[in-house]
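Trainee: From Swiss-Prot, here are the annotated features:
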BINDING   His210, Cys212, Glu234, Cys294  Zn(2+) binding site
Amino acid sequence: MELPILPTSIIGSYPKPRWLLRMYNLRELGRLPEEDFREAVRDASVAVLREHERAGIDIPWDGEMGRSEMTEYFTAKIAGFKFYGPIRVWGNAYFNKAAAVSKLEYREPLVLDEFRWVKENTTREIIKVPITGPYTIAEWSFNEYYSSKEELAFDLAKILNKEFKLLEKEGATFIQIDEPAMLNHPDEVSIAVEAINRAVKGVKVKFGLHVCYSNYYLLADYFDDIKVSQFALEAANRNFRDLDYLKKLTHQELGFGVVDVHNPRVESPEEVAKAIRKVMEYIEPERLYINPDCGLKLLDRRIAYQKLVNMVKGVEIVRRELAREGKTSIPFRREV
């Protein structure tokens, strides 16, 4: 499979339509049948896919329309987790933090139905499936059963490995593991690395790893130890400063974040193009994918869409420059 040079993608989440948020509220109040809720999620999924395609995104996803939160969605489907109620994260934001109260077991598919639906309803040949990684789920859960976080993370890796194999069997070609908590504790990074490697073992798809708002110099020390083909990292939020850690990314691909998901200001195409030219001082364009810094769900939907539109326009500016050098496409590589 071939892709245009500098393929564009999203990281995962996208703002939910207001009417879907109302469906979530009605469901929580017990006033919406589950069948109606699922239909609403699927309708929103198709609407978001069309937005991404209209913006020009090469590798889309449905913006996680069926996911209320990036860990709760998964822990609710894994046997051995229990919920005591919502906890406060910041401000007025809450989430249901799960507790591991018995040995974790694979009970049901985690994202298989999502993948099937997106695959059936996109016009794109390649889609990327985002899944929260084993260490982040362990870090963001209470541990009331296992002797250590390491043991908990490794059992989660086994469960994810089963899911990854199911996705491969269904035709998935690109899976992104989201590990925002991976670098929270520098003395535990090796645990996260081993958990990721156990999760991907024996699965022959392209794996990416997304880590955001962290010490990338610490991550860079492990670039060659993590068995993934691509690292999707944010850079716009830090104003593209201090990219020297990329010197250690010698052969893997980089998913480069060029729009800030925490700032409602819409970047211009020229700003995006300038950022891409800067990162090409470190990474050749054949190893570059372009994406937002992180998930877009906290933004107004209109702003999120315009950020994607301008991101693609900025990419097209650089593509025209690269075309003059005869660089127009790259192969879709599952392993690098």
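Using N, Cα and C of the backbone, Cβ positions are placed for all residues, glycine too.
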Trainee: Taking the centroid of the Cβ atoms of His210, Cys212, Glu234, Cys294 as the Zn(2+) site, which other residues of that chain lie with their Cβ within 8 Å of it, listed in sequence order?
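Mentor: Residues close to the Zn(2+) site, other than His210, Cys212, Glu234, Cys294: Ile11, Pro180, Val211, Tyr213, Ala232, Leu233, Gly257, Val261, Asp293, Gly295.
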Trainee: Secondary structure at Cys294 (Zn(2+) binding site) (DSSP, helix/strand/coil)?
Mentor: coil
Trainee: Minimum Cβ neighbour count within 10 Å among the binding-site residues His210, Cys212, Glu234, Cys294: which residue?
Mentor: Cys212
